[in-house]
C-alpha cells in the first residue's frame, strides 16, 4: 500500500453498497441527459452513460429497478439510452452502471463485475425542471479579507445557464467558471445561497438547489493532526513516529509545534492540503504535546488556529516494569460500572501509559502524567467490548526519557451481552423511489467499522469505517424491493476484535410499495 493511500485511509473512508464492496474499478460512471432540443427538454430525451475505461456492458436502472442492459461486440466509453418523449411511464430517477473486465483472464465474483452506480438523474417530464446539486468548495467558510470559496452547481444536462441567488438579495450571479455540467461561483460574503438553471432564455428557472450556507470565521479553521496507524505502539527499537497534518483546504506552508516552539522538521506533502512529519524520538528534548497549523498562499502573515494536540510516548525498556492492579477485581465486572486500573512504579514524576492487547499489537489507549509513583486510569460505563488483556508502562519526564518494560498483563472480564448501537433514520415518512435512505448509527467507542444490515439478509447493505462513535449509512438507490426492517452493528478496527450487538430495527417504507 502506498504512503498516500495509507494517509487517505487514515483520514476516513466509506465503502459502497453491498453490491460493490469488493470492487476497485477506478471511478463511477457519469449519467447525463441530452435533450434533442433545450427549448423542449422533455420532448425527446436521451440518457448517456459514460465511463473512464472502455467496457462492453452498460445497464440503466430506474427507481431502484433494473430497466435495460446492453452487451456490445467491442468496448466503448459511453452508451446512449433513448427514452423518447417523457411521460408518467418513463419519468423517475435514473442511474447506470458498467461492466468491469479484468486485464487478465481471471474469474471475478459476480458482485465484483460492476462499477459503482452513477450519479442520480431525475427525469420528471414537467416544469419547473428538477433542482441542481450544490456544495461549497473547498470549505464552507471565509475569513475577513481572506480567500473566497466557490459554490459549485451541477446538473446532468449540458448547455444550460446557471444562476446563483443569495438569500435576502435581489438579482442573480453568473458563474465565474464553467466546465461540462458544473458551474462555479466565487463567494466573498457569508450568507445562504442556492442555484438554479435555465435551458433557454425564455424558459422558467429550475427548482432551486438545497441551501448552501457560507459562514464567516475570524481565523482560518484548524487542521487535523493524527498519528499514522491510528494507535500508538511502543517497542524498544522504535526511533521515529509519524504524524500527519491535514488542512481543510490547500495551504502554502505547515508548521509542527510543541507549545509555542516550532520544530525544525521537514515535512513531506503527498497533497497540497497535507504534510507528513517523521519525528525522531531521540532528538526530542521535552514531552509536550504536538500541534500543527498552516497558512495560505497570498496570506502568509496569518496562521490558522492550532490543531488538537497529539501526545507521544516511547520507551527503551531500561527501567523496571510497573505493576498493574484493578479496583474492583478484574474478573466478573458488571456492565455499566467503572473500573480503576492502578499502575505503580518504583519512582515518582513519571508519564504512565495504559496499554491494551490487540492482535498482534500492544497499543496505548490512555496516558497520564503523575507527580507521584502511580497513576490511576478509569474505564467508565464498561461493557463486553472492554474485555481483554491490559498492561501499563512508564517513562521519565526529563531527558534521556528512559522508560520501562510493560507490566504483567491483567485480564478484564465484563459480564453480559454486547452493547447495542442505536440506528436513527434521517428522513420522515416514506422514502421516494430512486432516492437515498440515510441512517446514522450511534455506537459507544471510536475507531470501528459500522454495517447496515437487513432482516433476513446476511450481507451488509452498507459499511463505513469511522474514527468517531457514529457513522452515516445509507441505501443509495431505493426501490420497492428495499421495503423492510434495517439495523446496524459495529466491529473493532485492527488491532482489536470485539463486536457489538444488533440495534433495534428501523422500518423503511418505499413509496408505491
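Any Cβ shown, glycine's included, is placed from N, Cα and C.
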Quick check on the record annotations: which of 286, 369 is tagged N-linked glycosylation site by Swiss-Prot?
369
When DSSP is mapped onto helix/strand/coil, what comes out for residue 369 (N-linked glycosylation site)?
strand
Got a sec? Which of these glycosylation sites, 44, 192, has the most Cβ atoms within 10 Å?
44
What are the helix, strand and coil residue counts for the domain 'Ig-like V-type 5' (416-513) according to DSSP?
3 helix, 43 strand, 52 coil
Quick one: pull the CA-CA distance for residue 369 (N-linked glycosylation site) versus residue 192 (N-linked glycosylation site), whole Å only.
47
Could you tell me which of these glycosylation sites, 369, 389, has the fewest other Cβ atoms within 10 Å of its Cβ?
369
